Amino acid sequence: MKTLLLTLVVVTIVCLDLGNSFSCYKTPYVKSEPCAPGENLCYTKSWCDAFCSIRGKVIELGCAATCPPAEPKKDITCCSTDNCNTHP
């Protein structure tokens, strides 16, 4: 009986994968980092600034609890799997 209980505990821990948190790419370093508890979405924001014709769009990557609201002249996309917001 003890063996069965121990087996169930081990299987539960493996299935839950305790300690594994949700991660997204974040700027400014564009590296994968764990998100805060409750932040289960990754987002990508992009927009043109005064230097857009020289260096391209400004990119912001990060985690969010909800998808950031739409903003004029900003492209915003959200996704819900680990590291799904790769640099465009």
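Yeah, the Cβs are placed from backbone N, Cα and C, and that goes for glycine too.
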* What is the disulfide partner of CYS63 among CYS35, CYS84, as given in Swiss-Prot? -> CYS35
* Asked: Which one is it, CYS24, CYS48, CYS52, that Swiss-Prot ties to CYS42 with a disulfide?
  -> CYS24
* Structure fact -> Taking only the CA atoms, the spacing between CYS48 (disulfide bond) and CYS42 (disulfide bond), expressed in whole angstrom, is 21
* Structure fact -> CYS42 (disulfide bond), DSSP three-state class -> strand
